[in-house]
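As given in Swiss-Prot:
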type	residues	note
BINDING	Ala11, Tyr12, Ser13, Gly14, Gly15, Leu16, Asp17, Thr18, Ser19, Ala38, Gly119	ATP binding site
BINDING	Tyr89, Ser94, Asn125, Arg129, Ser180, Ser189, Glu265, Tyr277	L-citrulline binding site
BINDING	Thr121, Asn125, Asp126	L-aspartate binding site
Amino acid sequence: MSNGIDKVVLAYSGGLDTSIILKWLQDEYQCEVVAFCADLGQAEELEPARAKAEKFGVKEIYIDDLKEEFVRDFVFPMYRANTLYEGVYHLGTSIARPLIAKRQIEIANATGAQAVSHGATGKGNDQVRFELGYYALRPDIRVIAPWREWDLTSRDKLFAYAEKHGIPVPTDKRGEVPYSMDRNLLHISFEGKALEDPWVEPDEEMFVLSVSPEKAPDQATYVELTFRQGDLVAIDDQEMSPATLLAKLNQLGGRNGIGRLDLVENRYVGMKSRGVYETPGGTILGVAHRAMESLTLDREVAHMKDELMPRYAKLIYNGYWFSPERAMLQTMIDASQTFVNGKVRVKLYKGNVVVVGRQSENSLFDPAIATFEDDKGAYNQADADGFIKLNALRMRIAAMLRNGPKV
(Lines of atoms letter the chains of each structure in order from A and count residues from 1; the text may use other names and numbers.)
(Lines give C-alpha, C1' and ligand atoms only; values in the text may rest on other atoms or scores of the structure.)
Protein backbone atom coordinates (compact mmCIF):
# COMPACT_ATOMS: atom_id res chain seq x y z
CA MET A 1 0.00 0.00 0.00
CA SER A 2 2.61 2.56 -1.05
CA ASN A 3 0.16 4.94 -2.80
CA GLY A 4 3.13 6.53 -4.54
CA ILE A 5 4.90 7.15 -1.25
CA ASP A 6 8.51 5.99 -1.28
CA LYS A 7 9.73 7.89 1.76
CA VAL A 8 8.04 9.34 4.86
CA VAL A 9 9.43 11.50 7.67
CA LEU A 10 8.12 10.30 11.03
CA ALA A 11 8.04 12.48 14.15
CA TYR A 12 9.69 9.85 16.31
CA SER A 13 10.25 9.83 20.07
CA GLY A 14 11.48 6.29 20.58
CA GLY A 15 8.48 5.60 22.79
CA LEU A 16 5.95 2.83 22.41
CA ASP A 17 3.47 4.52 20.07
CA THR A 18 5.94 5.94 17.56
CA SER A 19 8.02 2.74 17.61
CA ILE A 20 4.91 0.80 16.67
CA ILE A 21 4.11 3.40 14.01
CA LEU A 22 7.60 3.09 12.53
CA LYS A 23 7.21 -0.66 12.07
CA TRP A 24 3.61 -0.26 10.85
CA LEU A 25 4.66 2.28 8.19
CA GLN A 26 7.31 -0.12 6.91
CA ASP A 27 4.83 -2.99 6.74
CA GLU A 28 1.74 -1.19 5.46
CA TYR A 29 3.28 1.36 3.09
CA GLN A 30 6.40 -0.60 2.11
CA CYS A 31 8.29 2.68 2.19
CA GLU A 32 11.51 4.04 3.63
CA VAL A 33 11.06 5.79 6.98
CA VAL A 34 13.15 8.79 8.02
CA ALA A 35 13.10 9.08 11.81
CA PHE A 36 13.14 12.59 13.27
CA CYS A 37 13.48 13.16 16.99
CA ALA A 38 13.24 16.75 18.28
CA ASP A 39 15.12 17.62 21.45
CA LEU A 40 12.88 20.24 23.05
CA GLY A 41 14.21 19.74 26.55
CA GLN A 42 12.60 16.42 27.44
CA ALA A 43 15.50 15.77 29.84
CA GLU A 44 15.85 12.31 28.32
CA GLU A 45 18.79 10.69 26.63
CA LEU A 46 17.73 10.59 22.99
CA GLU A 47 20.43 8.30 21.64
CA PRO A 48 18.42 5.18 22.63
CA ALA A 49 15.82 6.38 20.13
CA ARG A 50 18.50 6.18 17.45
CA ALA A 51 19.33 2.60 18.45
CA LYS A 52 15.65 1.62 18.32
CA ALA A 53 15.25 3.12 14.87
CA GLU A 54 18.41 1.42 13.61
CA LYS A 55 17.07 -1.90 14.90
CA PHE A 56 14.25 -1.56 12.38
CA GLY A 57 16.63 -0.77 9.54
CA VAL A 58 16.13 3.00 9.45
CA LYS A 59 19.04 4.57 7.59
CA GLU A 60 18.26 8.27 7.95
CA ILE A 61 17.87 9.42 11.55
CA TYR A 62 17.73 13.05 12.66
CA ILE A 63 18.11 13.93 16.34
CA ASP A 64 18.04 17.71 16.43
CA ASP A 65 18.66 19.98 19.41
CA LEU A 66 15.92 22.58 19.00
CA LYS A 67 15.80 23.90 22.57
CA GLU A 68 17.08 27.40 21.84
CA GLU A 69 14.88 27.84 18.79
CA PHE A 70 11.91 26.53 20.75
CA VAL A 71 12.24 29.07 23.55
CA ARG A 72 13.46 32.01 21.44
CA ASP A 73 11.07 31.76 18.50
CA PHE A 74 8.00 30.11 20.01
CA VAL A 75 7.82 30.31 23.82
CA PHE A 76 9.03 33.89 24.25
CA PRO A 77 6.78 35.34 21.50
CA MET A 78 3.84 33.59 23.15
CA TYR A 79 4.68 35.00 26.58
CA ARG A 80 4.87 38.54 25.20
CA ALA A 81 1.09 38.20 24.91
CA ASN A 82 0.65 36.83 28.48
CA THR A 83 -0.97 33.87 26.78
CA LEU A 84 -3.22 31.50 28.72
CA TYR A 85 -5.80 29.20 27.14
CA GLU A 86 -9.15 29.34 28.95
CA GLY A 87 -7.49 31.60 31.50
CA VAL A 88 -5.11 29.04 33.01
CA TYR A 89 -3.26 26.75 30.57
CA HIS A 90 0.25 27.80 29.52
CA LEU A 91 0.03 25.88 26.22
CA GLY A 92 3.17 23.83 26.79
CA THR A 93 2.13 21.07 24.38
CA SER A 94 0.45 23.33 21.83
CA ILE A 95 3.43 25.65 21.32
CA ALA A 96 5.83 22.76 20.64
CA ARG A 97 3.90 21.31 17.72
CA PRO A 98 4.54 24.02 15.09
CA LEU A 99 8.30 23.73 15.55
CA ILE A 100 8.20 19.95 15.16
CA ALA A 101 6.03 20.31 12.05
CA LYS A 102 8.38 22.95 10.62
CA ARG A 103 11.43 20.76 11.07
CA GLN A 104 9.64 17.71 9.64
CA ILE A 105 8.87 19.61 6.46
CA GLU A 106 12.47 20.84 6.23
CA ILE A 107 13.69 17.25 6.51
CA ALA A 108 11.12 16.05 3.97
CA ASN A 109 12.38 18.67 1.53
CA ALA A 110 16.01 17.73 2.17
CA THR A 111 15.50 13.98 1.83
CA GLY A 112 12.98 13.94 -1.00
CA ALA A 113 10.20 12.48 1.13
CA GLN A 114 6.68 12.69 -0.26
CA ALA A 115 4.97 12.29 3.12
CA VAL A 116 5.18 13.01 6.83
CA SER A 117 3.67 11.08 9.73
CA HIS A 118 2.93 11.65 13.41
CA GLY A 119 1.74 9.68 16.42
CA ALA A 120 -1.22 11.84 17.43
CA THR A 121 -4.51 10.06 18.01
CA GLY A 122 -7.71 10.77 16.14
CA LYS A 123 -9.34 12.08 19.32
CA GLY A 124 -6.87 14.80 20.19
CA ASN A 125 -5.74 18.28 19.24
CA ASP A 126 -2.22 17.34 18.17
CA GLN A 127 -3.32 15.79 14.88
CA VAL A 128 -4.78 19.18 13.94
CA ARG A 129 -1.76 21.13 15.14
CA PHE A 130 0.72 18.98 13.24
CA GLU A 131 -1.24 18.82 10.03
CA LEU A 132 -2.19 22.50 9.84
CA GLY A 133 1.53 23.20 10.15
CA TYR A 134 2.43 20.70 7.45
CA TYR A 135 -0.05 22.08 4.95
CA ALA A 136 0.83 25.71 5.69
CA LEU A 137 4.51 25.04 5.00
CA ARG A 138 4.16 22.57 2.12
CA PRO A 139 0.70 22.44 0.54
CA ASP A 140 1.39 19.30 -1.51
CA ILE A 141 2.70 17.17 1.36
CA ARG A 142 1.10 13.77 1.97
CA VAL A 143 0.14 13.05 5.58
CA ILE A 144 -0.07 9.60 7.14
CA ALA A 145 -1.95 9.54 10.45
CA PRO A 146 -1.82 5.89 11.59
CA TRP A 147 -4.28 6.32 14.45
CA ARG A 148 -6.93 7.24 11.87
CA GLU A 149 -6.07 4.28 9.63
CA TRP A 150 -5.04 1.19 11.54
CA ASP A 151 -7.07 -1.37 13.47
CA LEU A 152 -4.94 -1.10 16.63
CA THR A 153 -7.82 0.57 18.41
CA SER A 154 -7.04 -0.44 22.00
CA ARG A 155 -4.05 -0.64 24.31
CA ASP A 156 -4.32 -4.44 24.33
CA LYS A 157 -4.01 -4.54 20.54
CA LEU A 158 -1.05 -2.16 20.66
CA PHE A 159 0.71 -4.30 23.25
CA ALA A 160 0.07 -7.45 21.22
CA TYR A 161 1.53 -5.78 18.10
CA ALA A 162 4.53 -4.59 20.10
CA GLU A 163 5.16 -8.05 21.52
CA LYS A 164 4.89 -9.62 18.08
CA HIS A 165 7.55 -7.30 16.68
CA GLY A 166 9.88 -7.18 19.67
CA ILE A 167 9.04 -3.64 20.70
CA PRO A 168 9.45 -3.20 24.48
CA VAL A 169 6.44 -1.90 26.43
CA PRO A 170 7.57 0.67 29.03
CA THR A 171 6.36 0.44 32.63
CA ASP A 172 6.65 2.69 35.67
CA LYS A 173 8.33 1.70 38.93
CA ARG A 174 5.14 -0.09 39.97
CA GLY A 175 5.31 -2.22 36.84
CA GLU A 176 2.31 -0.43 35.32
CA VAL A 177 1.98 1.30 31.96
CA PRO A 178 2.78 4.98 32.66
CA TYR A 179 0.55 7.99 32.16
CA SER A 180 0.38 9.55 28.72
CA MET A 181 3.02 12.27 29.09
CA ASP A 182 4.40 15.07 26.97
CA ARG A 183 7.48 16.92 28.17
CA ASN A 184 9.56 19.80 26.90
CA LEU A 185 11.47 22.71 28.38
CA LEU A 186 8.25 24.60 29.13
CA HIS A 187 6.19 21.90 30.83
CA ILE A 188 5.19 18.30 31.34
CA SER A 189 1.63 17.04 30.92
CA PHE A 190 -0.10 13.94 32.26
CA GLU A 191 -3.26 12.32 30.89
CA GLY A 192 -5.02 8.98 31.06
CA LYS A 193 -5.29 6.23 33.67
CA ALA A 194 -6.84 7.47 36.95
CA LEU A 195 -6.88 11.04 35.63
CA GLU A 196 -9.76 10.15 33.31
CA ASP A 197 -11.99 10.54 36.38
CA PRO A 198 -12.03 14.32 37.01
CA TRP A 199 -12.85 13.71 40.69
CA VAL A 200 -9.68 11.71 41.41
CA GLU A 201 -6.77 13.62 42.92
CA PRO A 202 -3.45 13.02 41.12
CA ASP A 203 -0.98 10.72 42.81
CA GLU A 204 1.88 12.74 44.31
CA GLU A 205 4.40 10.26 42.88
CA MET A 206 3.28 11.23 39.38
CA PHE A 207 4.87 14.68 39.46
CA VAL A 208 8.29 15.20 37.92
CA LEU A 209 9.29 18.87 37.84
CA SER A 210 8.02 20.14 41.19
CA VAL A 211 7.69 19.31 44.85
CA SER A 212 4.28 19.72 46.43
CA PRO A 213 3.73 23.15 48.00
CA GLU A 214 3.45 21.43 51.39
CA LYS A 215 6.99 20.07 51.01
CA ALA A 216 8.51 23.26 49.58
CA PRO A 217 11.05 25.18 51.71
CA ASP A 218 9.78 27.27 54.62
CA GLN A 219 12.12 30.07 53.53
CA ALA A 220 11.05 32.22 50.56
CA THR A 221 13.29 32.58 47.50
CA TYR A 222 13.72 36.05 45.99
CA VAL A 223 14.58 36.36 42.31
CA GLU A 224 15.15 39.36 40.02
CA LEU A 225 14.15 38.98 36.38
CA THR A 226 15.41 41.40 33.72
CA PHE A 227 13.33 42.04 30.60
CA ARG A 228 14.33 43.62 27.31
CA GLN A 229 11.56 44.41 24.80
CA GLY A 230 9.29 41.94 26.55
CA ASP A 231 11.72 39.01 26.61
CA LEU A 232 13.53 37.65 29.65
CA VAL A 233 17.28 38.22 29.28
CA ALA A 234 18.74 37.74 32.77
CA ILE A 235 18.11 36.19 36.18
CA ASP A 236 19.71 37.95 39.14
CA ASP A 237 21.72 40.07 36.67
CA GLN A 238 23.20 37.01 34.95
CA GLU A 239 22.44 37.01 31.22
CA MET A 240 21.87 33.58 29.68
CA SER A 241 20.50 32.07 26.50
CA PRO A 242 16.70 31.71 26.25
CA ALA A 243 16.73 27.95 26.87
CA THR A 244 19.12 28.29 29.82
CA LEU A 245 16.93 31.00 31.35
CA LEU A 246 13.82 28.84 31.16
CA ALA A 247 15.67 25.83 32.56
CA LYS A 248 16.86 27.97 35.49
CA LEU A 249 13.32 29.19 36.16
CA ASN A 250 12.13 25.58 36.11
CA GLN A 251 14.64 24.72 38.83
CA LEU A 252 13.67 27.72 40.97
CA GLY A 253 9.97 27.16 40.53
CA GLY A 254 10.07 23.40 40.92
CA ARG A 255 11.84 23.44 44.26
CA ASN A 256 9.28 25.98 45.54
CA GLY A 257 6.23 23.98 44.48
CA ILE A 258 5.23 26.37 41.69
CA GLY A 259 3.40 25.65 38.46
CA ARG A 260 1.06 22.73 39.08
CA LEU A 261 -2.26 22.86 37.26
CA ASP A 262 -5.17 20.41 37.16
CA LEU A 263 -7.84 21.33 34.64
CA VAL A 264 -10.61 20.13 32.38
CA GLU A 265 -10.11 21.81 29.03
CA ASN A 266 -12.16 22.11 25.87
CA ARG A 267 -10.42 20.39 22.99
CA TYR A 268 -10.70 21.77 19.47
CA VAL A 269 -12.16 18.47 18.26
CA GLY A 270 -15.20 18.94 20.49
CA MET A 271 -14.70 16.97 23.69
CA LYS A 272 -13.58 17.90 27.17
CA SER A 273 -10.44 16.31 28.56
CA ARG A 274 -8.72 16.34 31.91
CA GLY A 275 -5.01 17.08 32.08
CA VAL A 276 -2.51 17.75 34.83
CA TYR A 277 0.42 20.02 34.08
CA GLU A 278 3.65 21.22 35.64
CA THR A 279 4.91 24.55 34.28
CA PRO A 280 7.17 25.99 36.99
CA GLY A 281 9.34 28.29 34.89
CA GLY A 282 6.53 29.44 32.65
CA THR A 283 4.37 30.34 35.64
CA ILE A 284 7.10 32.59 37.05
CA LEU A 285 7.77 34.10 33.63
CA GLY A 286 4.10 34.89 33.05
CA VAL A 287 3.61 36.63 36.40
CA ALA A 288 6.82 38.64 36.05
CA HIS A 289 6.15 39.70 32.46
CA ARG A 290 2.69 40.99 33.33
CA ALA A 291 4.19 42.93 36.24
CA MET A 292 6.76 44.47 33.90
CA GLU A 293 3.99 45.52 31.53
CA SER A 294 1.97 47.04 34.38
CA LEU A 295 4.75 49.59 34.85
CA THR A 296 5.61 50.30 31.22
CA LEU A 297 2.54 49.83 29.01
CA ASP A 298 0.00 52.50 28.20
CA ARG A 299 -3.36 51.68 29.77
CA GLU A 300 -5.28 51.29 26.51
CA VAL A 301 -2.53 49.21 24.92
CA ALA A 302 -2.52 46.91 27.96
CA HIS A 303 -6.30 46.57 27.89
CA MET A 304 -6.36 45.88 24.16
CA LYS A 305 -3.75 43.16 24.61
CA ASP A 306 -5.88 41.59 27.32
CA GLU A 307 -8.93 41.65 25.06
CA LEU A 308 -7.07 39.98 22.19
CA MET A 309 -5.12 37.46 24.27
CA PRO A 310 -7.90 34.82 24.44
CA ARG A 311 -8.16 34.86 20.63
CA TYR A 312 -4.38 34.58 20.30
CA ALA A 313 -4.33 31.72 22.84
CA LYS A 314 -7.09 29.89 20.98
CA LEU A 315 -5.16 30.17 17.71
CA ILE A 316 -2.14 28.51 19.29
CA TYR A 317 -4.17 25.86 21.10
CA ASN A 318 -6.07 24.96 17.94
CA GLY A 319 -2.94 24.76 15.78
CA TYR A 320 -2.98 28.00 13.79
CA TRP A 321 0.56 29.18 14.55
CA PHE A 322 1.36 29.59 10.85
CA SER A 323 -1.92 31.33 10.02
CA PRO A 324 -2.02 34.94 8.76
CA GLU A 325 -4.24 36.00 11.65
CA ARG A 326 -1.73 34.74 14.25
CA ALA A 327 1.07 36.55 12.38
CA MET A 328 -1.01 39.73 12.34
CA LEU A 329 -1.64 39.55 16.09
CA GLN A 330 2.03 38.78 16.72
CA THR A 331 3.08 41.92 14.86
CA MET A 332 0.83 44.00 17.10
CA ILE A 333 1.98 42.22 20.26
CA ASP A 334 5.66 42.63 19.38
CA ALA A 335 5.17 46.34 18.66
CA SER A 336 3.69 46.76 22.14
CA GLN A 337 6.87 45.41 23.75
CA THR A 338 9.26 48.18 22.68
CA PHE A 339 9.32 49.77 26.14
CA VAL A 340 8.77 46.62 28.22
CA ASN A 341 12.25 46.89 29.70
CA GLY A 342 13.43 46.67 33.29
CA LYS A 343 13.47 44.41 36.33
CA VAL A 344 10.85 42.57 38.32
CA ARG A 345 11.54 41.12 41.76
CA VAL A 346 9.44 38.12 42.77
CA LYS A 347 9.13 36.06 45.92
CA LEU A 348 8.70 32.31 45.44
CA TYR A 349 7.04 30.58 48.37
CA LYS A 350 5.14 27.31 48.64
CA GLY A 351 3.46 27.36 45.24
CA ASN A 352 3.08 31.14 45.04
CA VAL A 353 4.75 33.72 42.82
CA VAL A 354 4.43 37.11 44.51
CA VAL A 355 5.60 40.30 42.80
CA VAL A 356 7.36 42.47 45.38
CA GLY A 357 9.10 45.04 43.17
CA ARG A 358 9.46 46.42 39.68
CA GLN A 359 11.58 49.15 38.09
CA SER A 360 12.19 50.48 34.58
CA GLU A 361 13.79 53.40 32.78
CA ASN A 362 10.63 53.33 30.65
CA SER A 363 8.29 53.45 33.63
CA LEU A 364 5.01 55.33 33.18
CA PHE A 365 4.50 55.47 36.94
CA ASP A 366 4.93 59.07 38.15
CA PRO A 367 5.12 59.23 41.95
CA ALA A 368 4.77 63.02 41.87
CA ILE A 369 1.26 62.59 40.47
CA ALA A 370 0.23 59.31 42.13
CA THR A 371 1.30 60.30 45.67
CA PHE A 372 -1.19 60.58 48.54
CA GLU A 373 0.92 63.42 49.91
CA ASP A 374 1.07 67.02 48.67
CA ASP A 375 1.74 66.85 44.92
CA LYS A 376 2.61 70.57 44.65
CA GLY A 377 -0.14 71.14 42.10
CA ALA A 378 0.90 68.38 39.70
CA TYR A 379 -2.67 67.09 39.65
CA ASN A 380 -5.67 69.37 40.06
CA GLN A 381 -8.32 67.27 41.77
CA ALA A 382 -11.02 69.77 40.81
CA ASP A 383 -10.57 68.68 37.17
CA ALA A 384 -12.18 65.37 38.09
CA ASP A 385 -15.58 67.08 38.45
CA GLY A 386 -15.98 67.77 34.73
CA PHE A 387 -14.43 64.43 33.79
CA ILE A 388 -16.99 62.55 35.88
CA LYS A 389 -19.96 64.60 34.65
CA LEU A 390 -19.04 64.11 30.98
CA ASN A 391 -18.63 60.37 31.47
CA ALA A 392 -21.93 60.22 33.34
CA LEU A 393 -23.80 62.20 30.66
CA ARG A 394 -25.15 59.21 28.69
CA MET A 395 -26.40 57.52 31.86
CA ARG A 396 -28.02 60.74 33.13
CA ILE A 397 -29.78 61.25 29.78
CA ALA A 398 -31.05 57.67 29.77
CA ALA A 399 -32.32 57.97 33.33
CA MET A 400 -34.13 61.24 32.60
CA LEU A 401 -35.79 59.91 29.44
CA ARG A 402 -36.88 56.65 31.06
CA ASN A 403 -37.95 58.00 34.41
CA GLY A 404 -39.09 61.48 33.42
CA PRO A 405 -38.12 64.71 35.15
CA LYS A 406 -38.78 65.01 38.86
CA VAL A 407 -41.74 67.26 39.71
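Every residue gets a Cβ built from N, Cα and C, even glycine.
Model, not experiment: these values are computed from the prediction.
Feature map: annotations from Swiss-Prot on the structure.
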| residue | record | DSSP class |
| --- | --- | --- |
| Ala11 | ATP binding site | strand |
| Ser19 | ATP binding site | helix |
| Gly119 | ATP binding site | coil |
| Asp126 | L-aspartate binding site | helix |
| Ser180 | L-citrulline binding site | strand |
| Ser189 | L-citrulline binding site | strand |
| Glu265 | L-citrulline binding site | strand |
| Tyr277 | L-citrulline binding site | strand |
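Cβ packing within 10 Å was compared across the binding-site residues Tyr89, Tyr277, and the lowest neighbour count falls to Tyr89. For the L-citrulline site, whose binding residues are given in the record as Tyr89, Ser94, Asn125, Arg129, Ser180, Ser189, Glu265, Tyr277, the maximum C-alpha distance rounds to 19 Å. Ranked by Cα separation from Gly15 (ATP binding site), the binding-site residues Tyr89, Thr121, Asn125, Glu265 are led by Thr121. Fewest Cβ neighbours within 10 Å among the binding-site residues Ser19, Ser94, Thr121, Asn125, Ser189: that distinction goes to Thr121. In this view, the densest Cβ surroundings among the binding-site residues Gly15, Gly119 belong to Gly119, judged by other Cβ atoms lying within 10 Å. Of all Cβ atoms in the protein chains displayed, 15 besides its own lie within 10 Å of the Cβ of Ser180 (L-citrulline binding site). When the alpha carbons of Ser19 (ATP binding site) and Ser94 (L-citrulline binding site) are compared, the span between them is 22 angstrom.
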